[in-house]
Amino acid sequence: MMRVEVDLPGRVRADLTAEAGEVVVVIGPNGAGKSTLLQAIAGLAPGRVSVEGEEWTDLDVPQRRVGYVFQDQSLFPHLTALDNVTFGPRARGRSRAAAEAVARDWLERFGIADLADRRPRELSGGQAQRVAIARALATDPAVLLLDEPFSGLDVSVQMALRLELGRHLRDFPGIALLVTHDAIDALTLADRVLVLDAGQVAQVGPPAEVAAEPRTPHVARLVGLNLVEDGRDLMAFTPDAVVVSLAEPVGSSRLRWHGPIGTVAPHGDAVRLLVHAGPDLLADVTPAAATELGLVPGLEVWLSAKATAVSRYGARDRPGQGGR
Amino acid sequence: MSTPRLGRAPAVLLVPAVVAVALLVVPLVTLALDTPWRTLPQHLGSEVVRQALAITALSSLLTVVACVVLGTPLAWLLARVDFRGRRVVRALVLVPLVLPPVVAGVALVTALGRRGLIGEHLPFSIPYTLTGVVLAHTFVSLPFYVLAVEGALRTHGASYDLVAATLGADRWTTFHRVTLPLALPGILAGCALAWARSLGEFGATITFAGNYPGTTQTMPSLIYVALSSDPAVARTLSLILLALSIGVLVLLRERWATPR
């Protein structure tokens, strides 16, 4: 089991426990402290860390058994792909031959054995990131830290690499922490999602639960849900459950809002509106309806939602979920 | 891409600029023109010139070695280790950069001369030896080297050091497997600077190590002596140093070894 407590006044105040074999995806807006959490585990930022009963807090960075995949492409530019992956096992005391065997094995597993002799600048973004992940795993770490490993890659490359990483993470016996700002990472890779917001843990839970009942506007936006505060409750509903009209809707539903249209953009085979209606809300309408109603930015519209289409849940974290 | 037409350069700026170029170039051109080319091989072959050439070559080479061995760790320390008084150390290290070389020579005599504070306790004598020449050259060249290498270490970010640390590398492993190879262009530039500085060193050398043909007489010292006795020899030797200096400049401009 790993236990991390990070308390950097004014920046991050978060704690986290994770079990071996677990993949925790850390999600949250920029500046929420996601990277700081990873850095604390690796010893690059201050924080209390213990892993499998071992106290890491006072260990130097090289003594901590972590594998770190950095956000920017951080392969050593003067070393070949093979030498990059060999570096870790060598630094941790393996013989040159043993380290190279380990490295070749990892390149093989990522399907890039034929690129072993290339230097980083001769690799594509996706290939370089595979080498970086192989390099992090080659030291047999207790904790694997991945800081936005797919950022800066083409969308198609991202998806292929995401699925591939998922396979490797299933076999990985240690704890994996992945920082992302992409909901799809959380949904495809996570056993558990940790939502950071303004340096605090806002929510922890299985990905399906976090996606269905987001507690922060950031996550709601990532999974494409409208999130409205209602007293001590939160209400989440999908944009296609929202009815758009020019006149105030009749009936007694409290679930109605009024405001100007912010943006109009195609979304799949529908038209997605962003309406500044007190809270910003998303609404999907058919293209025909959009034309008929003359929906353009600036137009004042009414939005309403059926109570049956809205999921309502407590705004506070339930006890025992590890949030603060 | 063409330069936008902003109008003619004003004479107020143009004239001083031309004067500046003339000031820098004309003496060098006259030196080249006035060199007795026909007698050049004969001058070069003379015993005293060959000795001075050899001492200059040897001492500048040893100076570069001393700079690499001592200066690289110092540059690393200044660039990578956050210790108390780092700013003070950096400032002190750079003093010889602006110090008049003759003052450097006097300082060396005070410290390491035969009656110097440290020198009088030494079982051997440093002044008026080749060791003294190298010491004086290193004293004035080291700051150039440290400055160049520290700059290279800083620009080739510390981020790779962090990566190496997360892979389990201690600082020595990181230094020789990551930091050093990445800073190599800066180290070569630093060598060129130190070598050029050593090549022309005169003030500190003649003050601390004297001007003995065959032991401590370097090219600049010989030129100084020859200028009054045999100006043709002085001009010949000067031309050789000019050629070497231009060579260093070209090497530096090509960055010697551009990172591949």
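The backbone N, Cα and C atoms fix where each Cβ goes, and this holds for glycine too.
TrEMBL labels come from automatic prediction, so no person has curated them.
According to TrEMBL, the feature domain 'ABC transmembrane type-1' maps to B:53-252.
Within the chain, the transmembrane segment (B:12-33) has long-range Cβ neighbours (under 8 A, six or more residues past its boundaries) at 235, 238-239, 242. According to TrEMBL, the feature transmembrane segment maps to B:12-33 (among others).
The transmembrane segment annotation in TrEMBL covers B:53-79 (among others).
Taken from TrEMBL, the feature transmembrane segment applies to B:91-113 (among others). Tertiary proximity for the transmembrane segment (B:91-113) is limited to same-chain residues at least six positions away from its ends with a CB under 8 Å from its CB atoms, namely 74, 78, 119, 122, 126-127, 132, 135-136, 139-140, 142-144, 146-147, 201-208.
Taken from TrEMBL, the feature transmembrane segment applies to B:125-147 (among others). Within the chain carrying the transmembrane segment (B:125-147), a Cβ under 8 angstroms from the stretch's Cβ atoms is held by residues 55, 58-60, 62-64, 66-68, 70-71, 74-75, 78, 93-97, 99, 101, 104-105, 108-109, 112-114, 119, 190-191, 193-195, 197-198, 201, 204-205, 207-210, 212, 215-216, 218, all 6 or more beyond its ends.
The transmembrane segment annotation in TrEMBL covers B:178-196 (among others).
Listed by sequence, the residues of this chain that lie at least six past the ends of the transmembrane segment (B:232-252) yet keep a Cβ under 8 A from its Cβ atoms are 28, 31-32, 34-36, 39-40, 43-44, 46, 49, 52-53, 189, 192-193, 195-196, 199-200, 219-220, 222-223, 226. Residues annotated as transmembrane segment in TrEMBL: B:232-252 (among others).
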| field | Long-range neighbours of the transmembrane segment (B:53-79), counting only residues six or more past its ends (CB under 8 A) | value | 44, 86, 89-90, 93, 130, 133-134, 137-138, 141-142, 145-146, 149-150, 153-154, 158, 175, 179-180, 187, 190-191, 194-195, 198-199, 214-220, 240
